[in-house]
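Peer 1: Okay, so TrEMBL annotates it like this:
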- 15-35: transmembrane segment (TRANSMEM)
- 102-571: domain 'Amidase' (DOMAIN)
- Lys150: active site, charge relay system (ACT_SITE)
- Leu199, Ser225, Ile246, Ala247, Gly248, Ser249: substrate binding site (BINDING)
- Ser225: active site, charge relay system (ACT_SITE)
Amino acid sequence: MARFNVQQLVLDLHINWTPVIAATVCGTGALYLFLKWRNNQEIQKKILNARKRRDASLLQAEQAVQQFKMQNPDFESSSIVSLSLPELTGKLKDGSLQPDAVLYALMEKALEVNKNLNCSTEFLMESVAQLEDIKTQKKGLLYGVPISIKDNVSYEGHDTSCGVVSKLGQPALVDSVVVKVLKKQGAIPFIKTNIPQGLLNYDCSNPIYGQTLNPCNLQKSPGGSSGGEGALIGGGGSFLGIGTDIAGSIRIPASFCGICGFKPTAKRISARGISSCIKGQNSVLPSLGPLARDVESLALCMQALLCQDMFSLDPTVPPIPFNQEVYESSEPLRIGYYENDGYLQPSPSMARAFRETKDLLERAGHTLVPFQPLRLYHVFHELTLRGVMADGGRTFISQLKPSPIDPCIRNQDMILSTPGFIMRLISFVLKPFCPRMSATIDATHGVGSVAELWRIHANIEGYIQEVIAEWRRLNVDVLLCPMLGPAYNFTYCGRLNSALSYTSLYNLLNFPAGVVPVSAVTEEDEAQLSQYTGVHGDMWDKLFVKAVKGGVGLPVTVQCVSLPWQDEMCLRFMREVEQLTAKNKLTRKY
């Protein structure tokens, strides 16, 4: 019997199978590269198709405007687009203006603004057909008013892309509840506006539609995530828009673009039909609300939305109509205030605008009471960030694939895509030198168990009651605080989550909050940036200075806050700030 030769067997296998193994490896590699190439081709095709749809809608809008102008040689749009929303609704109701003239005037202006700012994802040409229905039914608080909507607000037959490729080519089957109600109130949605990739960022850029610019300065970000709304309204291309807010996404673009924005109590306005990249996240509730040129327009929108139609279409919305009596009250207020939240030192213009507003309110007879946010450092990291990112960002990252990653979210993508054990190690190493960054990185990787998530939810409930107890102890009606600003230079929004402390707190608490423009950055404000040290003196404080640098002339706002479900009180306070600011500017002129 022949002896079994192991060495010979190995040699034979090596000689006979090496080409097969090599071919298999090469074939697998070639197949992988081919599939990757084909996938990239499909991505680019989807992006190209989305851009073609947008460009086709722009062309259709231009042609519709030109046709209307040919049929109406005396048509002149500037006198229409310069009206305030209350003036416009008055003229539409008394018949001195017709809805078709208003729509084409706004469409023409929006085309001009979009050409400069790249703020639109699509014109809604169904708006032209809607004119016929409007003419036969002259009803509704927003009769004949063209309105803009954020990209993630569903409109039948159109994508709600959220700036990610994975949501392209999936047009909404029905209108969102808010669009249905707006239409019933006579409004005409005519344009959808741009957002950042994935919506979880306060810039406004994505790989599909590109970067939106600030109407006050083309070298600045318009803010986000409702950045297209902020830019369009700030540029004069819309009277009123609908946005969403989960950490300041209405208030930040309103502040950066010099307009008014309002985040209502969550669930006061129906969110049915609103798209998101983090569906199921319930630690910090998103809100849907209006952006406009003035507070009266915000109030009119809220009044129009809070109607029986909304309560019927979405029975989960509390049937609480708009309280006009509270909004129109002129009783003196007891106002809590803070100039510095203890987490982010306000920029010089933020602090000055806040102090000037506080002085105006005191001189007008209101009582101002010091109020400091409670345990904000812990709350920002352990409740807000860890709650929103409870799954370690996996849902968000899965929605981004297979999109190219936009520069505005590159930092977020890098942190969330890095294995958790590596980021925990980085967090540990950073802790002695940069504790704020360390705490943020640690919180961003979420929770380790369902039990831990439940503890966060319980702690959030406890914190809300703790803040309300302090509010009651001080017996305040509303709260005045600084608002993030001025508008950032590009790329900094994705690198400065630390700056969200002024806005995200009121999403966590679910308190209504809104912003009102009160001033503009001065040369002195700009000069004082050289002395800015920040609360922590870390890398983020230094980055904040770079972010806001070069802001002379840009708008600065303040933030107004009230208790949950007291949205009308918050708007009433905003209107008071707006009126006192306008009166003060008028006095200074003389």
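Along the chain as shown, the residues are counted starting at 1.
Glycine is no exception: its Cβ is also placed from the backbone N, Cα and C atoms.
In TrEMBL, annotation is done automatically, which means it is predicted and not curated.
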Peer 1: Note the Cβ centroid of Leu199, Ser225, Ile246, Ala247, Gly248, Ser249, the recorded substrate site, then list each other residue of that chain whose Cβ lies within 8 Å of it, in sequence.
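Peer 2: Once Leu199, Ser225, Ile246, Ala247, Gly248, Ser249 are set aside, the remaining close residues are Leu200, Asn201, Tyr202, Gly224, Ser226, Thr244, Asp245, Ile250, Ile252, Pro286.
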Peer 1: To the nearest whole angstrom, state the Cα distance for the pair Gly248 (substrate binding site) and Lys150 (active site, charge relay system).
Peer 2: 15
Peer 1: Under 8 Å Cβ-Cβ from Ser225 (substrate binding site), six or more apart in the same chain: what's there?
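Peer 2: In sequence order, Lys150, Ile195, Pro196, Leu199, Leu200, Asn201, Tyr202, Cys204, Gly243, Thr244, Ser249, Pro253 meet the Cβ cut-off.
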Peer 1: Between Lys150, Leu199, Ile246, Gly248, Ser249, which of the recorded positions has its C-beta surrounded by the fewest other C-beta atoms within 10 Å?
Peer 2: Ile246
Peer 1: Take the domain 'Amidase' (102-571) and average the pLDDT across it for me.
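Peer 2: Within the domain 'Amidase' (102-571), the model's average pLDDT equals 96.
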Peer 1: Across all chains shown, how many C-beta atoms besides its own are within 10 angstroms of the C-beta of Ala247 (substrate binding site)?
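Peer 2: Around Ala247 (substrate binding site), other Cβ atoms within 10 Å: 24.
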